[in-house]
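**Student:** Here you go, one structure.
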Amino acid sequence: MSHSQHSPYLQSYHNSSAAAQTRGDDTDQQKTTVIENGEIRFNGKGKKIRKPRTIYSSLQLQALNHRFQQTQYLALPERAELAASLGLTQTQVKIWFQNKRSKFKKLLKQGSNPHESDPLPGSAALSPRSPALPPVWDVSASAKGVSMPPNSYMPGYSHWYSSPHQDTMQRPQMM
């Protein structure tokens with residue numbers, strides 16, 4: 001059997017009656033992987049196979065925590081922008097905010113200050129192996145109403161949004 005017949009992630013989630021044999025070295029009984037309504041199950045019952053847990057970098061966590069301190073809920077455009085700037089999917093950002101709100105409410109019920117439980121950016125939030133990284137953006141400048149020149153926001157990505165007549169302009173050099 002080829003590898004694609006073993007991996008449930010390579011099969012179509014839209015085919016609700018799809019079934020594939022798992023490894024042939026199971027001697028006691030043949031197990032089948034069944035996909036029903038988008039849920040992957042062994043022998044048609046039991047626990048779902050879950051995607052692996054997302055591991056966030058210290059920079060991503062710092063930016064997510066900083067944004068959560070500003071607002072606990074993101075509008076769709078804000079979520080899309082934050083996800084793109086951090087190299088995450090919108091779903092990952094959405095789930096992170098849901099989990100953070102849940103943790104925040106749980107800490108409030110326990111009577112502790114939820115802001116104290118979060119490590120301060122740039123201190124314990126970074127592991128010993130993580131280099132000190134600059135913030136993704138300077139929120140303090142934008143919060144004070146300081147106007148920024150056009151195309152200065154995230155210069156590394158500004159060329160994605162340029163119109164066709166701007167293609168002749170000099171793009172920032174990546175280091």
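Think of each number as a place in line: the chain as shown, counted from 1.
Just so it is clear, glycine is given a Cβ too, placed from its N, Cα and C backbone atoms.
Marked as compositional bias 'Polar residues' by Swiss-Prot: 1-20. Per Swiss-Prot, the feature region 'Disordered' maps to 1-31, 109-131. The feature DNA-binding region is assigned by Swiss-Prot to 49-108, with sequence analysis given as support. Per Swiss-Prot, the feature compositional bias 'Low complexity' maps to 119-130.
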**Student:** Need one number: mean pLDDT over the DNA-binding region (49-108).
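**Tutor:** Mean pLDDT, the DNA-binding region (49-108): 95.
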**Student:** Using DSSP, break the DNA-binding region (49-108) down into helix, strand and coil residues and give each count.
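**Tutor:** The breakdown for the DNA-binding region (49-108) reads 43 helix, 0 strand, 17 coil.
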